[in-house]
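Structure, as C-alpha cells:
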C-alpha cells in the first residue's frame, strides 16, 4: 500500500518536472565530516555525573578512560597500556600509556588518575561511581605512569568500573567541571545548546592515525521517525536509536547499513514494601503471566527477543538454557501461584510507566492486558519521566515497567538492577527483600576464579527466579544506521551497545 | 435560511455524538482487546478499518475515541461555561472586587500560552481524563467570563433591566430571569466554540502524550501511535486523522451557523437586505425640449429567500436641464431604490426587470458597466443621505474629493488636490486647505455633506441626484445645504433629482414633484399645482403632516405596507380615510389635466 | 500616554502573577531536578550524589526562601541559569526566540499573502464558485489539526517524494537556501490555521465593508471596481483584520509547540518542553515569562496600532 502510493507520487512528481527540486532538498555528504543524528540532548558534559548515554558517548570521545572495550566487548587498555591484579598484595595495577597527553598538552600522569578517583569518591561528589570509588582503600602512585589501587575488600570487577563512560580521567588542574580537560581524540569545538554539538579532532592526539574523521557534527533529532527520515533524506549520515519500526526498511535499503545487537531490556519492577507484591509468590505470578512475544512484536516491531529469566546474555558463560526460561509464559501456573498466595479472586493494583518513551508505554500496555488475564487488574499510570523517576525512588507505585541496560556484560553489571539492598532507585524494585540474590551477587564480585564465578551466578539466577527482584520482559535490539559510505563503525555487544558511540573515532566517511 | 444552515452540521455533530453515546451498545469489538498476531492488518473480517499496532480494532477505537474526546470536550466546556458565566455575571453586576477578581483572573489565564498551561497542569496532576477536563475548563474560562461580563454590562444599562431593578427585584432573580436569557445566545455560541476547540486541544495533548491515558482509545493517541508506523500502515494514520478533521469541521460549521443565527436574533447587526426601500414617481416627458433624464416604466425586483419582491413598480418621470424634480414619499415607498437603479448602484440582489432610463438619449439601463462607470461621478453625480457613513472614515476628505476628479480626468495628484481645495471652497467650507486634510469624523454633519456635494460636482455633472441630502442633518444646516444645491443648479444649469420625505423641502426647491407610495407613483405634477390642489388622498395626508405655524403635524395613521404584502387594490386604501369598497380594485395612473394621479375617486374628492 | 503607562503597569503585575504561579506550580509538581538529571538514560542515581547536587543547586532550602531569591533576581532582570548545565537562561531565550518569531512571521506571511487576496476575491464575488470552494478549503484547513497536517506533510513530501527535508534547522548565515527550505514546511503548518482564520475574518470584513455607504459613494464617483475594492473596501476591512492578526500571532508564540515538535524546529518550544521534563525551574520560568510578556506587549501594540490605523479612534 505504502509503496504503491509512494510510486504514484513519484510518477506524479516526474510528470510535473519537479524532481530537480528533490536534489535541492538533500544536503551532500563531505568526507571529513560525519553528520550524526542524536536521539537525546546530553544535559551536560560534566565528566563523572551520570546524565545518560548521549553525554556518555561525547565524554568517551572527548576523554579517555583507563580501560575500554574491543569489538567483542572484551576489556582492553585505553589510557592504561596494561592492567591487572598484583597477586602478591591483591592491588589492581594500571600502567599508563606514556604518550598520553591532555588537550592542553599536559602529560597524563598517575597523579591525574589519583586526583580523578579522589574527586569521584569525594564527600561532595555527585559522581555515578562515587560509591564504588569509596571502596578503594588506598591509591599508590609509585611513578608517573603507574597507579596501584588497594581495595577495602576483594573485588573482581574493578577494571570494569574504569571502563564506564562516567569514569574519564580528567586533568588535575581542571576547576570548572563543565569544561573538564580531557585527553580523548576529540574536543568540543562548538555547540548550540539543545540543537547541535560539533566535535573536532584534536591535532595532538596521542594515538597515531586516530581519529579517522576530522569533524563530527551531532544534531539533535529527538523524534525517532524524524531521525530516520533525516537519514533517509540525506540530512545526516548516521543515526543512533534506529526506531524498531524502521529497522527492516533500513536493512532493505541498499543505501544504508544497520548495526544492531540485543542490548538493553525491559522489565517489571515491584514495590516490595506493601502487599501484594511483598509476596514472592505474587511476583512469580506476574512473571509467568506475561506473554513476551507480544511485547517484542508491539513495542519493538519484532526487533527484540523474549526475556523469560534473568537478563543474562545468551552465549555468555553465565547463561543457562533452562534458567533462561525460568519465568516462562504460563498463565495457569500464574493463576495457581496467585491462589496459593491467597489472591484467588485476583488483585486490583496500578502499573506505573512513562509516556516519554513509547517502548515503556507499549510494553506496559501489553503487560497490562496479560496481567488482567490472570486476574491482576492493573490501572495504567502514564506519567512524564521526572514523575516516573520521583515516584520510583519514593516507592509511590505498585508495579512499574522500566527499560534499562546492565552496566557491563559481566553479570556483576546486573547488580544495579537486581540488588534491591542498594539505595532506592527508579530502576530497581523498591524496598524488596531478595537476600539470597544480593548475597550471591556480592560473592560473585569477590570471586576471582572464573569457573567458580560461573557457578555463583547460576545460583544467583536460581535465587532471583524465586525471589523475583525483577521480571524480565524482553531484550530490545539497539541499532545504529548509517550511509554505506560510512565505514569502520562497529556496535559493541550486549549491555555495552549503548557505549558503542566511542567507536565513532574509528569511523570514516566516504 | 438560518435553520437550514444548522441542519447539515447539526446532523453531523448529532450523528457523531450519537455514535459516541451508543458505543457501548453497538456490536463493536472490545476497543482495548489486543490481538498482536494481527497487528497493523489493513483489513480483517469484522475489522473493516483494520487493526492498530496492538492488533486492536481501529473502527471500534475510533468510535470509542469519539466518546473520550467528546466527553472531555463537553465536560470541560460545561464547567468553563458554568464557572465562567457565573464569574462574568457577578463581575458585570456587582463590579468592584468581583469585577477585578474575575477579569484579572481571565487576563492571567489568557497570557499563558495554552499548550504551556496544559503542560504545567498535566505534569502537576498527571495525565488523565480528569486532568484534561480541568486544563481545558481553565483554558476556556476567560472566554465565558468576558462574553458574559460584556453582555451583562450592556444589559445593565437597558431599560427593562433598569425597570426591574427599580421595582426592587432581588439581584439573583434579576440575574437569572432577566439578564441570563439575554446573554444565552452569545454564551451558547461560546459554548459551541469551546467544545470544538476542546476536541482539537484534547487530541493535540493526547498526541503529545499528555492527554488520555492508554489503553483508553483517543484520536490523538491513535495518531501518535500510527505516526510511528506510518510507513507500514498509512491507512491506520488516515482514519483517526479523518475522524478528527471531520468532527472538527462539523463542529466549526455548527458554530458558524449558530453564531449567525444568534447574531440575527440579537439584532446586533442591521438587517442586510433592506427589502423595502423607497420609491420615486416620475413625470411624463410632456413638453418640448428633450428631457435630460427620462425614466419610463422602471421596475425593480429583489430576490429574497421568501420569493421576489418588487420595491419599485412601473415608475416614470423626466427631468430637464436646469430643473429640479422632487420625489417624495415616506420611508419604504421606493424613492431611493429608484435613484440607485438609475445610477446603476443597486445591490446584487436587486435587479431592474423592466423600463428604460434615458440620459441624454442613451438608455442607462442598457449601457455596459464600464460606460456607466464613466458616467457615474462624471455626467451624473449623486449625493447621499448620511454623509458620515457615505464618506470613507479612513481617508482624508480632500483625498476623497481628489479621487473623484482623478477617476474621470487625467490630472496629476497635486493638481487634483489643488482642485479639491477649490471645490471645498466653492461648497462653502471655510479654511478649505486645512479641512481637506481632515478625516470625516473631524467635521460637522453639515460640512461633511458639503464635502459630499463637492465630490459630486467635481466633474461638472449635468444631472445631480440628491437622495435625502438633508435628512441626517440639523434643521439649522438643512437650509444651507438646500441653498447650496439651488445655487449650484443655477450656476451650472444641471438638472437635479431631489429625493426627500419632506414636502417643505419640495416647496422651497423643486419645479416638479413625484409622489410615491408603496413602490408606485401616486401623483405627479408641478409643485405649484400639487401643493395648491393635491388630488391623491396620500398627497393630501402628506401635506397635512407638514407642520404649519404652531400646529402639530397630523401624522398619517398606519404604516407603509411591507413589499411582500402589498394590498391587492389601492395600496393606500388601508390607511385612507376616503377608502370605499371600490378601492379594493387595482388602480391605474390616470391623466388629470396636466397631472397624473392613481386614485379611482380623485374626481369625487376634488 | 497615561493609558499606555497604565497598560504597562497592569502587564507587569500580570507577568509577576504568572511568574509566581509557574514557580509555585513547578515546585509542587512531583519530580526533582537533581534526581532527574542523574537518572537520565535510565541509570539509577546514587542518593548521596542526588542529595549533594540538590544542595549545590540550592534546592534543599525552604521554598519561600527560593521564591524570595527568585523574585529578587527577577526584579534585577536576571533570569538565572539552567539547573542542568548552568547555561544562562537569557542567552538560551535570545538564541531561540528569534527562530520562533521567524517561524511565526514566515507563517503569517504565507497565510496573509494567500488568505487576504482569496478572501477579498471571495467576498467581492460572494456566493460564487470560488467563494464556496475557498470557504470550504478554509473550513477544512481550520479543522485539520496542525500535527495531523505536519505528519502528513512529512510523510508525503519528505519520506515518499523526498522533495523536502524532513525537518531541522540551518542558520541563515550558514546556508540561506537551505535555511529557507527547512523553514518552508513548518511555516506552512503554522500558516495553515492562521490562513483559515484570516480568510474567514477578512472575508467577513470585506463583505461588511462592501455593504457600507461609502462604498456606494465610491462607486457613485465612478471609480473603477478595482480601485473601489482596493481603496475603499480592502483598506477599511484591513483595520480589524490587522489587529486580530496581531493577536493571533501573539497566541502563536506559545502555540508553535506542536509544529516545532513535529518538524524539529529548534525554537523556544523545544527547550521549554525539555525544561519542564527535567524540572529545570529557571529555564521554564524564564521562557514562560518571555512568552507571556511578549504576548502582553503584542496586545498592547495591537491596541495602539488600531488607533493608528483607524483615524476615528482618538489618539489620546
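Our numbering is plain: 1 for the first residue shown, then up by one each step along the chain.
Positions of Cβ are set from backbone N, Cα and C atoms, glycine also.
Note that TrEMBL annotation is computational and uncurated.
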Which stretch, out of C:7-29, C:30-52, is listed as transmembrane segment by TrEMBL?
C:7-29
Looking at C:81-102, C:103-124, I want to know which stretch TrEMBL calls transmembrane segment.
C:103-124
Using a cut-off of under 8 Å between C-beta atoms, tell me which stretch among C:103-124, C:136-160, C:180-202, C:237-263, C:283-309 contacts the transmembrane segment (C:7-29) the most.
C:283-309
Which range wins on Cβ pairs under 8 Å with the transmembrane segment (C:136-160): C:103-124, C:180-202, C:237-263, C:283-309?
C:180-202
Across C:180-202, C:237-263, C:283-309, the most C-beta pairs under 8 Å with the transmembrane segment (C:103-124) come from C:180-202
